[in-house]
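Listed in Swiss-Prot:
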type    : residues                                               : note
BINDING : GLY36, PRO37, ASN38, GLY39, THR40, GLY41, LYS42, SER43 : ATP binding site
DOMAIN  : 4-246                                                  : domain 'ABC transporter'
Amino acid sequence: MSILEINNLHVSIEGKEILKGVNLTLKTGEVAAIMGPNGTGKSTLSAAIMGNPNYEVTQGQILLDGVNILDLEVDERARLGLFLAMQYPSEIPGITNAEFMRAAMNADKADEDKISVRDFITKLDEKMALLGMKEEMAERYLNEGFSGGEKKRNEILQLLMLEPKFALLDEIDSGLDIDALKVVSKGVNEMRGKDFGAMIITHYQRLLNYITPDLVHVMMDGRIVLSGDAALATRLEKEGYAGIAQDLGIEYKEES
């Protein structure tokens, strides 16, 4: 079992503190949902874990299996088994989907251990079929001209191909219709097992109808203020964040 620990994490952007002491433990074999209103620091948390240089960690630790990874670059964290599926994936012309994924899969392997072209194609075909993706997607430039739904499927395809220890899934349900949501959820559920853990960031309970979390954490004002099991997401759907905030004595303004 691998463990990702976030201890008293404070993160700022351009001098403004966004995370104000986050404590969280993620384990392989578990799926945790991070829920909360917009602007409470959910995406900042995933970016900080992955090492985005635009986010300054001013206090705290991020430990992967007991080792502090704060001084590691993004690519080094990825090679240790961290994966981030972004809400708005970048378009990268000049490199195809297939080229990108094979390079990523082989990045941390010795020459004798690199995946062969045959094995790569076999695995790629299998995972693309699972997600209902056309074969031509493999030869298109990375995310270039992709629709929002295609980009989200492509992020999950990368997840299935790379098989990381921990996936940070940042609002992968954003902008998806119900059919695309089911496909994306199917891909995430395919990964579930003792060697895989996920942190799913979402604003709504809808995604969790298809990916049942083991744990649910509620973020408000840069902190995790409440934790529970999947029933907590259902409670949020009924009461809203205002109801939770009132119960906890937290000041909360409804979004306009």
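Cβ atoms here come from the backbone N, Cα and C positions, even for glycine.
Feature map: Swiss-Prot annotations on the structure.
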{"residue": "GLY36", "record": "ATP binding site", "Cβ neighbours (10 Å)": "25"}
{"residue": "PRO37", "record": "ATP binding site", "Cβ neighbours (10 Å)": "20"}
{"residue": "ASN38", "record": "ATP binding site", "Cβ neighbours (10 Å)": "9"}
{"residue": "GLY39", "record": "ATP binding site", "Cβ neighbours (10 Å)": "13"}
{"residue": "THR40", "record": "ATP binding site", "Cβ neighbours (10 Å)": "24"}
{"residue": "GLY41", "record": "ATP binding site", "Cβ neighbours (10 Å)": "24"}
{"residue": "LYS42", "record": "ATP binding site", "Cβ neighbours (10 Å)": "24"}
{"residue": "SER43", "record": "ATP binding site", "Cβ neighbours (10 Å)": "20"}
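Residues GLY36, PRO37, ASN38, GLY39, THR40, GLY41, LYS42, SER43 make up the record's ATP site, and a Cβ search at 8 Å around their centroid adds THR44, HIS203, MET219 from the same chain.
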